[in-house]
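**Student:** Got a structure for you, questions after.
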Amino acid sequence: VYRKFTEIYEFHKMLKEMFPIEAGEIHTENRVIPHLPAPRWFDGQRAAESRQGTLTEYFNGLMGLPVKISRCPHLLDFFKVRPDDLKLPTDSQAKKPETYLVPKDGKNNVADITGPIILQTYRAIADYEKSSGTEMTVATGDVVDVVEKSESGWWFCQMKTKRGWVPASYLEPLDSPDEAEDPDPNYAGEPYVTIKAYAAVEEDEMSLSEGEAIEVIHKLLDGWWVVRKGDITGYFPSMYLQKAGEEITQAQRQIRGRGAPPRRSTIRNAQSIHQRSRKRLSQDTYRRNSVRFLQQRRRPGRPGPLSTDGTKDNPSTPRVKPQPAVPPRPSSDLILHRCTESTKRKLTSAV
């Protein structure tokens with residue numbers, strides 16, 4: 001019901017853009033297009049049932065509007081019966097959850113609204129107890145569908161009728177270990193500014209005050225990024241970072257309701273179903289590669305950036321091995337002066 005309600009609500013917004021006068025966008029007394037409340041993820045079962053009645057009233061209102069609205073091509077195309085609508089799923093069929101992407105510019109065709117995208121399925125590796133109403137409690141082995149992956153390390157998930165934010169560190173994909181999902185390090189670094197102070201708890205974390213300028217060299221999906229301050233690197237919560245030069249007011253407002261998610265290394269009794277565990281670079285590797293990159297950047301005609309293992313990323317340019325210096329040939333007098341007596345006699349007899 002939520003999916004359909006969201007789909008229809010996006011169509012409703014497009015309809016308001018097409019007929020702003022009838023939607024009351026200019027003068028409210030001219031409003032004839034019925035009102036439709038925005039969908040909410042955190043509604044309970046009772047609210048979900050009431051949506052069905054709301055949609056019925058909305059459809060009846062649309063059909064009673066002037067012909068230019070009720071019979072416009074966009075509305076008729078939106079309610080056209082599609083082949084998939086006539087196929088009823090059987091009890092033995094497990095239908096995969098879907099989410100729907102909606103173009104933000106509103107200029108795309110209505111059919112773009114209904115393009116299904118399969119959600120990614122993850123498994124909880126440990127018990128997590130929610131600490132706020134917007135989070136979701138999961139138990140070890142629970143299978144959830146991820147609706148949104150936030151860079152903060154909090155992922156919005158759904159499991160049957162439950163929805164809420166779950167730390168990404170508590171989740172792993174079902175098909176393979178998840179280290180392949182993380183992007184590669186970028187030792188060139190991106191300039192960021194800390195918007196909240198953080199004191200390191202683990203040995204490989206970094207303590208920073210609010211307002212410090214740093215460089216992000218590795219953005220990890222669990223919300224703990226590797227940052228560089230001078231030649232020092234360490235983990236830091238991405239929630240407490242903002243790109244340099246951007247407004248920080250909104251970012252600071254977002255961190256008031258929720259703190260940094262826990263790290264994978266701090267989870268007790270984590271139980272993975274994969275034989276190959278998540279592999280992470282050590283801080284020694286980060287620092288070594290970072291220092292080497294910074295040294296190369298300071299030199300003119302420097303080679304390309306480093307790869308994850310510290311090698312150059314430009315294999316097309318062959319490395320030329322330095323050739324040993326060849327000393328000049330000594331003169332004949334110097335050879336005769338340094339050679340043995342036996343050699344001198346042989347040379348004299350030959351002459």
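Cβ from N, Cα, C; glycine included.
Marked as domain 'PX' by TrEMBL: 1-86. The feature domain 'SH3' is assigned by TrEMBL to 117-176, 187-246. Per TrEMBL, the feature region 'Disordered' maps to 252-351. The compositional bias 'Basic and acidic residues' annotation in TrEMBL covers 335-344.
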**Student:** Give the nonlocal contacts of the compositional bias 'Basic and acidic residues' (335-344) in its own chain as ranges (CB under 8 Å, at least six residues past its ends).
**Tutor:** none
**Student:** Summarise the model's confidence over the domain 'SH3' (187-246) as a mean pLDDT value.
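**Tutor:** Taking every residue of the domain 'SH3' (187-246) together, the mean pLDDT is 93.
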